[in-house]
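Quick look at what TrEMBL annotates:
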- 5-121: domain 'MTTase N-terminal' (DOMAIN)
- 14, 50, 84: [4Fe-4S] cluster 1 binding site (BINDING)
- 145-375: domain 'Radical SAM core' (DOMAIN)
- 159, 163, 166: [4Fe-4S] cluster 2 binding site (BINDING)
- 378-439: domain 'TRAM' (DOMAIN)
Ligand code: SAH
Ligand code: SF4
Ligand code: F3S
């Protein structure tokens, strides 16, 4: 028998891409490909790309450039570009990088196996359709999914919000929710394979409104039904938009113990003027009131957010308003980015903030976030949390897992990967906590 072909996938960008890469690997698996961690061994290299900021998109081209010697040494090597850069740039990629054999967007990757076959015959294809058919109906049923105890599950894709800075509505298309029964089936399948924690994914996951057996389900309903699946112990979801944070979802946080007390709720700015220019369609005050409501339902909720600094027109006063908002919320975790003008978005037409000003603001903001993050971690010392062990730690006899609040926790224990233990937190290091098992 001949050696199976090897597929190397590099994933950029968000968790949805991580999920998509797994599904693409499974689809190629059905064609006899096995995945490899070593690009040099591969018969096919697939870059699953991100277009969100210029740096992310340009990284793809420099990585493609670095594949050139490999392709020269191994002319049969096929190179594919998938994901959001593929969607945004399509044919352009082939023009700029002739070594690329196929380009496939995020909504049509169920056609990847067929495109790979064409590529083997020397035919280059570009597929950036938003096809009528649902790709999920044409993908294999998570055959090899998860030897890990945690998994991602995409429930909603695309975005109709068109924030002034963002490419996602263009690269991922309109908002679509997967039918509830399919999600439940996929979740049960994952649990049978040993998964104990599922993170539901969507660009605007809390806008989920998938068809259920008795009409459309909200995300809250979906969460409550998933919580009934035996063996599924933890449920998370990301990313949410403040305007879709419905009352039934907030209530679920107070009532459903399997729903973890960590919420990523990006706000981008604390200035109403900038929020308006960004087309976020809410004010800073509304966001703060919303967080009060969420904390009323679940007082220990760990908040996470995203911030953009240096959006066109941002003044010192606007930036100060963002700093005030961060102080008011007190985040457990947050991501922050320097504004990057993206082709085709309305904000890209506007005059950018000077780069040195934006850099300085980013540093100031990140210092505050880092301080809040440290304090949140420090505040865990002495508390008891549940930890789901994900992998052995660097030291012998050690396991690493995540707490309910998504902190990484190191524990000395004989318990296996996939175990959930009650752990008392004993100390806090910059990027993780250390704890000891109280009860398995
Ligand atoms: N749907 C999510 C965000 C998806 S993009 C939401 O609405 O919150 C992830 C993050 O990337 C955004 O929250 C934003 O902070 C950042 N981002 C998006 N476009 C950007 C741009 N043009 N420049 C800098 N950061 C950007
Ligand atoms: Fe982008 Fe805004 Fe949609 Fe988030 S809500 S994906 S930031 S357009
Ligand atoms: Fe990037 Fe596309 Fe995700 S642009 S952040 S990979 S949706």
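The backbone N, Cα and C atoms fix where each Cβ goes, glycine too.
Because TrEMBL annotations are produced automatically, they should be read as predictions rather than curated entries.
Distribution of TrEMBL features across the structure.
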residue : record                          : DSSP class
14      : [4Fe-4S] cluster 1 binding site : coil
50      : [4Fe-4S] cluster 1 binding site : coil
84      : [4Fe-4S] cluster 1 binding site : helix
159     : [4Fe-4S] cluster 2 binding site : coil
166     : [4Fe-4S] cluster 2 binding site : coil
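Least crowded of the binding-site residues (14, 50, 163, 166), judged by neighbouring Cβ atoms within 10 Å of its own Cβ: 14. When the binding-site residues 84, 159 are compared by the number of other C-beta atoms lying within 10 angstroms of their own C-beta, 159 comes out lowest. Across the domain 'Radical SAM core' (145-375), the model assigns an average pLDDT of 97. Proximity to ligand 3 (Cβ under 6 Å from any of its atoms) holds for these binding-site residues out of 14, 84, 166: 14, 84.
Among the binding-site residues 14, 50, 84, no residue has its Cβ under 6 Å from any atom of ligand 2. Ligand 1 lies under 6 Å from the Cβ of the following binding-site residues, listed in sequence order from 50, 84, 166: 166. Residue 159 ([4Fe-4S] cluster 2 binding site) and residue 50 ([4Fe-4S] cluster 1 binding site) are 15 Å apart (CA-CA, integer value). Apart from the site residues 14, 50, 84, the chain places the Cβ of 12, 13, 16, 17, 49, 51, 52, 56, 83, 168, 171 no farther than 8 Å from the centroid of the site's Cβ atoms, the recorded [4Fe-4S] cluster 1 location.
Counting residue by residue with DSSP, the domain 'TRAM' (378-439) contains 1 helix, 36 strand, 25 coil.
Apart from 159, 163, 166, the [4Fe-4S] cluster 2 site neighbourhood in this chain, defined by C-beta within 8 angstroms of the site C-beta centre, holds 161, 162, 165, 167, 168, 169, 203.
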